Amino acid sequence: MLKTLLGDPNKRKLKKYQPDVVEINLLEPEMQALSDQELQSKTGEFKRQLEQGKSLDELLPEAFAVVREASRRVLGLRHFDVQLLGGMILHDGQIAEMKTGEGKTLVSTLPAYLNALTGKGVQIITVNDYLARRDAEWMGQVHRFLGLSVGLIQQSMPPQERQKNYACDITYATNSEIGFDYLRDNMATSMAEVVLRPFHYCVIDEVDSVLIDEARTPLIISGQVERPTEKYLRATAIADALQKEEHYEVDEKARNILLTDEGFIEAEKLLGVKDLFDSQDPWAHYIFNAVKAKELFIKDVNYIIRGGEIVIVDEFTGRVMPGRRWSDGLHQAIEAKEGLDIQNESQTLATITYQNLFLLYPKLAGMTGTAKTEEAEFEKIYKLEVTVVPTNRATGRRDLPDVVYKNEMAKWRAVAAECAEFHQAGRPVLVGTTSVEKSEVLSQLLNQAGIPHNLLNAKPENVERESEIVAQAGRKGAVTIATNMAGRGTDIILGGNADYMARLKVREYFMPRIVMPESDDPLAMMRIMMGDGNASGGQGFAPQGNRPQKTWKASPNIFPTKLSRETEQLLKAAVDFAVKQYGERSIPELQAEDIVAIASEKAPTEDPVVQRLREAYNQIRSEYETFTHQEHDEVVQFGGLHVIGTERHESRRVDNQLRGRAGRQGDPGSTRFFLSLEDNLLRIFGGDRVAGLMNAFRVEEDMPIESRILTGSLENAQRKVETYYYDIRKQVFEYDDVMNNQRRAIYAERRRVLEGEDLKERVLEYAERTMDDIVEAYVNPDLPPEEWDLNSMVGKVKEFVNLLADLEPQQLEDLSMAEMQMFLHEQVRIAYDRKEAEIDQLQPGLMRQAERFFILQQIDTLWREHLQAMDALRESVGLRGYGQQDPLVEYKSEGYELFLDMMTAIRRNVVYSLFQFQPQYQPPEEMPSEVV
């Protein structure tokens, strides 16, 4: 009703941008008439106009017109009008919802270029290393052509490389790299170690994945803490002995377990202890984790075992996350369950959530195919508006009604039958599954039916071929099984992706001859040591010993035809020429990937190696296109890509992402969900209603049920889950917000010290406040002065400031409280000047170094302890909800007290340490524990 009266708010927003679109289109002929050099000189011109006081908004039409023309020349891609709209929405600091295949990656070049003109840096965030590298190589060419520098951050880069790349005008990186660099920068001991520049503007690709799906997971940098291994092993044995329902209850919804009274008694009996919570010998934590590991963490669903280690599988993307570990001893409990070596537990040194990390940017924007369902959350937490960008062509996708089966096996048989039917008809099929385990069940069924298919899940042998598999998922009769949204960012083109195939063919010949052995490549060695599991786009691995040896050979059935002799000769000659120029196996892998990327595009180049490779690439592509174009037309006639969902996800948004794979850019396509009454979503959130329905439907197993009530139940369950998780995220955000204010304060203080701003004044301020604290502790203004304990007070002052050994209580006798404080301020300043002269006599400037060292040391040590105290506080206030107190209010007030105590302790410890400091390394005296 309101929409009819007021008009669609989204349309109103888009209308606002229309005049700029018209102006950019009018500028197009003028831009096309410019030479390359004239087009490139526009960048300097824009920068000068900004210096003269012009705003970015005033420059927007011409700057966008320049980028559009540069992209046409360099990449052969011209921005559609809807892509210009997307660019304006991003420049305004909003979220642009653009459907799959509408060229989101190209859209980001517009606001990135415009905002980079300020010289303050722009960061483009993608969800994995492979996409960051692909976009930096591909879209980076437009920016480089226009004279801007482009940086790329990869998982294994050393700090100097990171610094150099962050200093570029535009930097491509993943969300986790930015997050961990931010935390590491705030643990640096000198400015030379800091890699990030101040945050300015950031565009997040797949913004829903980063700001919503991953918002619940904090980023944590931790240090090792030794804990007794046998405790984990005994706890696992006890968990195995305890019975579900009788000894403990499982809350799948909250992913938690609760021991019953019988459970506590049984565990204490088996362990031979009186109390699981005994502070001298605590067991509760170990037992809870062991039961969680037994009931809630399933092999091949939540984790896989690789190389004798537990590797986490990301529940949202289905990708493995090497190097990440669950905290609080949970990872160790799972290692014990699986009989693997138990590694040390970790202690948090620094932590932040993505929510608070990205709120540090003064200007933030994002793009995704699916944001509208979470619009309220984006606006509430991030103050980000969502604007839907219309598609360039109307979609040709049909969403067919869900079919529901009584049990899971019947559902899988039906999915396999549908795959077989479409495969026979020549239509490509993409099946989305929710776990590694499920994808393998379906794969077995298809093998039994003799249907060739590609499997894409978190297993290491599949990850490396990820984009190769996705790029060919649109071939005639292709059947592809993918876990969740693996392969996000690679388009499924009907009939196959000729550009991608040609690039693979060039890599296959070029890489083995040109890439230096891993032992000579420091980046590659770092990746091996850190266990890089990111889809690097490196195809084809042949096993050799423990470490697979790279071969770069793509599977032969990828290519639609063998190359003609002339084309193969051309490719070999180009590779020989490259080897002659660079030397055999002489350049690092990332650099070689860059050469292939540039050769596969249209950017003007003076490099003879790239020119020769490009000539070969173009010829290979045109040979492949003869086949793929023909196949494209056939597949379109058959009805396009058919997408099958095999379970409703916890969020409707993830379902929509899967559906969005079909019918890109106006192609035909269809989607259907196959469900069973045993699916997690229905089981956990659909509750008893579904159980009742199961009994009501007295049907054969293989008969599908189509029912309005059931579909309603599903929608309801999804809404419930979305609300449930939104509440959790909101709670995480509210609690973390308390920590966030404290984190900002402590990191700001730390940065001032790192930059060496007025260190002496800072320490003197610490000393004066410590003197004030001592006076307040010993002097009660409500009592007559003769009752003040001046002896003890002077004793305490001397403990902190040993250079005031001559101070006598009589000197303070006739002073008021305020005068005492003033007197001690003077005394401590005199003492500090003496100390400084004494230290600087040994080595000039040593006192400043000592100040920096002690302040940083105290901040880091006490902040680490504070994080643990805040964690413990958060757990304990949770229980107060039962006592009619608001846990959040309690957490805020007590957390603030803890923070003030920490700041006081930092000040006192620094003052004490500096006055005790003896560079000849004499052992310092015992530190006084408290002012009183």
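Quick reminder: no glycine exception, Cβ is built from N, Cα and C everywhere.
Per Swiss-Prot, the features are as follows:
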- GLN83, GLY101, GLU102, GLY103, LYS104, THR105, ASP491: ATP binding site (BINDING)
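Feature map: annotations from Swiss-Prot on the structure.
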residue	record	contacts (Cβ under 8 Å, 6+ apart)
GLN83	ATP binding site	GLU102, GLY103, LEU106, VAL107, LEU110, ASN392
GLY101	ATP binding site	ASP491, ARG664, GLN665
LYS104	ATP binding site	GLY86, ALA96, MET98, ASP205, MET367, THR368, GLY369
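In this entry, ATP is bound by GLN83, GLY101, GLU102, GLY103, LYS104, THR105, ASP491, whose most widely separated C-alpha atoms sit 17 angstrom apart. Following the DSSP three-state reduction, the secondary structure of GLY101 (ATP binding site) is coil.
GLY103 (ATP binding site) is surrounded by 17 other CB atoms, counting those within 10 A of its CB over all protein chains shown. Reduced to three states, the DSSP call for GLN83 (ATP binding site) is helix. Cβ contacts within 10 Å of THR105 (ATP binding site), excluding its own Cβ and spanning all protein chains shown: 18. Cβ atoms within 8 Å of the centroid of the Cβ atoms of GLN83, GLY101, GLU102, GLY103, LYS104, THR105, ASP491 (the ATP site) belong to the same-chain residues MET98, THR100, LEU106, VAL107, site residues excluded.
Within the group of binding-site residues (GLU102, ASP491), the Cβ with the highest number of other Cβ atoms inside 10 Å belongs to GLU102.
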